[in-house]
Number of protein chains: 2
Amino acid sequence: MSKVLVFGHQNPDTDAITSAISFAYLQKELGINAEAVALGSVNEETAYALEYFNTEAPRIIETVANETNQVMLVDHNEAQQSVSDIKEVDILAVVDHHRIANFETANPLYYRAEPVGCTNTIILKLFKENGIAIPKQIAGLMLSAIISDSLLFKSPTCTEEDIKAAKELAMIAEVDLEVYGLAMLKAGTNLADKTAVELINSDAKSFPMGDQNIRIGQVNTVDVMDVLSRQVEVEAAMKKEMADNNYDLFILVITDILASDSVVLVVGDSYNKVEEAFNVKLDNHTAILKGVVSRKKQVVPPLTTVFN
Amino acid sequence: MSKVLVFGHQNPDTDAITSAISFAYLQKELGINAEAVALGSVNEETAYALEYFNTEAPRIIETVANETNQVMLVDHNEAQQSVSDIKEVDILAVVDHHRIANFETANPLYYRAEPVGCTNTIILKLFKENGIAIPKQIAGLMLSAIISDSLLFKSPTCTEEDIKAAKELAMIAEVDLEVYGLAMLKAGTNLADKTAVELINSDAKSFPMGDQNIRIGQVNTVDVMDVLSRQVEVEAAMKKEMADNNYDLFILVITDILASDSVVLVVGDSYNKVEEAFNVKLDNHTAILKGVVSRKKQVVPPLTTVFN
């Protein structure tokens with residue numbers, strides 16, 4: 001079998017990077033010539049986890065068809081979040097925990113999605129089902145992803161299975177879950193060094209809804225004012241991204257990881273739809289969304305409803 | 001939790017009917033208020049299996065949103081093969097072994113697809129993963145589906161996992177796999193009582209390919225001439241179905257289950273594409289496809305390639 005590339009979504013977060021590493025490791029143990037790669041550079045939170053568990057960041061790729069015709073996707077399925085030439089290769093497997101959309105194959109494949117908080121929670125099951133032991137470093141990276149996706153179990157996307165998986169992985173990784181988790185999350189909230197463009201794109205995804213092309217970015221912080229103090233500069237960057245990429249609406253979700261609330265900053269003509277979706281009034285293009293920390297579970301579904 | 005309807009594809013075959021029964025049983029054991037239903041009446045092969053294992057055929061439904069907002073799909077995912085109002089309800093789970101296309105959800109879900117020969121092979125795994133025992137009757141129905149989808153292990157879609165699963169289920173069901181299997185398959189080949197319309201639609205599915213809407217029906221037989229002797233009448237029925245439903249091309253795959261070959265009967269303007277896909281010349285709208293028994297693995301992929 002030729003080489004199989006394994007990767008997560010564009011603008012990779014900790015789950016996208018580490019699920020590629022853990023799933024590629026599992027595939028290698030099962031005899032597949034798999035390599036974990038990434039569709040972008042790692043963010044500061046992921047860099048902290050990789051350094052802590054002494055692992056190199058995956059090689060960054062722009063296209064796949066130039067080096068293989070077989071890929072496996074982790075932590076995403078939608079074509080617009082994947083590698084640009086995804087339609088030119090065969091998708092052998094997907095492991096994911098998101099909605100399914102804009103995904104099509106010519107052939108049957110292995111697809112494993114579960115409505116849990118983190119791809120690595122599913123991958124832990126796959127290790128067990130296949131009777132493969134998880135090395136300490138890989139367990140630490142898988143744990144990091146669960147902490148990241150669940151904001152240390154505070155996100156409504158977090159399930160009992162995620163918490164159980166995290167505790168089990170913390171044992172293998174030999175770390176104190178709470179201490180390590182908070183240190184890792186804080187490492188990801190250093191926004192001061194980022195330009196406005198870096199900030200809005202660091203964890204941004206595109207979602208077609210109705211006839212609109214909607215971009216939703218998210219940043220985690222321990223102080224929302226850190227971001228809002230740069231609102232003029234940030235809005236200008238959002239408008240430029242919209243013009244350059246034909247987005248109809250750009251929503252930046254600024255999430256306070258300690259208070260577990262978010263402020264949205266909205267640019268685009270249909271911002272009244274945003275007001276409708278969240279039942280709020282935008283003031284100077286912003287609104288507080290109480291208790292909202294999950295793009296997937298608390299931001300995308302109400303927007304999908306009002307746009308469709 | 002309100003009622004959850006579980007069903008397979010339109011024009012249900014044995015796997016579509018029995019995987020709804022087996023998966024609904026599993027869900028009920030897990031505490032879900034699940035009911036197996038069907039999107040059409042059972043064929044003669046399935047009727048044989050249901051009678052043999054003393055099970056009622058599932059209730060037939062036309063729509064789902066009038067009675068629930070939650071469904072689980074088995075043995076299919078593509079919207080055009082599903083219930084007509086599928087977009088109005090939440091899909092909680094899918095268990096399938098086909099390509100993924102025309103499938104979209106607003107929310108994360110449970111999706112379990114594997115490239116094996118039969119949905120019930122996957123469902124057997126799910127019983128084991130959840131530690132639920134399989135009753136004798138359910139095991140017999142699951143076995144029937146594997147025999148049906150694999151034509152007693154002769155189809156190229158059949159994997160080692162399917163064979164292993166069938167042997168295990170035959171033990172639980174207490175039947176001789178070969179004797180029961182051949183009797184069941186033969187029960188499904190009685191085409192003489194069928195009108196031409198019933199014959200072409202008994203196991204037909206629609207596949208959008210490129211800008212074409214392609215209908216592919218399949219019938220199993222122990223004597224291909226049984227069908228070809230009615231070619232004029234059958235072609236007239238195919239043309240009427242095309243006109244009524246805006247199909248661009250109708251391909252009837254007549255499969256000899258003993259010889260493991262098929263004859264295709266083709267109606268539609270782009271039948272030269274069919275010749276290209278299978279590297280054959282059509283003679284009086286028909287051609288022999290040596291060794292072809294699987295629509296999914298040997299008919300749909302080459303057609304998809306030439307139309308896209």
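Just so you know, glycine gets a Cβ as well, placed from its N, Cα and C.
According to TrEMBL, the features are:
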BINDING   B:HIS9, B:ASP13, B:ASP75  Mn(2+) 1 binding site
BINDING   B:ASP15, B:ASP75, B:HIS97, B:ASP149  Mn(2+) 2 binding site
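Neighbours of B:ASP15 (Mn(2+) 2 binding site), defined as other CB atoms within 10 A of its CB across all chains, total 31. Cβ contacts within 10 Å of B:ASP149 (Mn(2+) 2 binding site), excluding its own Cβ and spanning all protein chains shown: 26.
The Mn(2+) 1 site is set by B:HIS9, B:ASP13, B:ASP75; from the centre of their CB atoms, other residues of the chain with a CB within 8 Å are B:GLY8, B:ASN11, B:PRO12, B:ASP15, B:ALA16, B:ILE17, B:SER19, B:VAL74, B:HIS76, B:GLN81, B:THR119. Using Cα positions, the member of the binding-site residues B:HIS9, B:ASP13, B:ASP75 nearest to B:HIS97 (Mn(2+) 2 binding site) is identified as B:ASP75.
A distance below 8 A between C-beta atoms marks B:HIS97 as the binding-site residues from B:HIS9, B:ASP13, B:ASP15, B:ASP75, B:HIS97, B:ASP149 lying next to chain A. In sequence order, B:GLY8, B:ASP13, B:ALA16, B:SER19, B:ASP96, B:HIS98, B:GLY117, B:CYS118, B:THR119, B:ASN120, B:ALA145 are the residues of the same chain, not among B:ASP15, B:ASP75, B:HIS97, B:ASP149, whose CB sits within 8 A of the CB centroid for the Mn(2+) 2 site.
Straight-line distance linking the Cα atoms of B:ASP13 (Mn(2+) 1 binding site) and B:ASP149 (Mn(2+) 2 binding site), rounded to a whole number, equals 9 Å. DSSP classifies B:ASP13 (Mn(2+) 1 binding site) as coil under the three-state reduction. Straight-line distance linking the Cα atoms of B:HIS9 (Mn(2+) 1 binding site) and B:ASP149 (Mn(2+) 2 binding site), rounded to a whole number, equals 14 Å. Secondary structure at B:ASP149 (Mn(2+) 2 binding site), taken from DSSP and collapsed to helix, strand or coil, is helix. In sequence order, B:GLY8, B:HIS9, B:ASP15, B:ALA16, B:SER19, B:ALA20, B:VAL95, B:ASP96, B:HIS97, B:HIS98, B:THR119 are the residues near B:ASP75 (Mn(2+) 1 binding site), counting only same-chain partners six or more apart with C-beta under 8 A.
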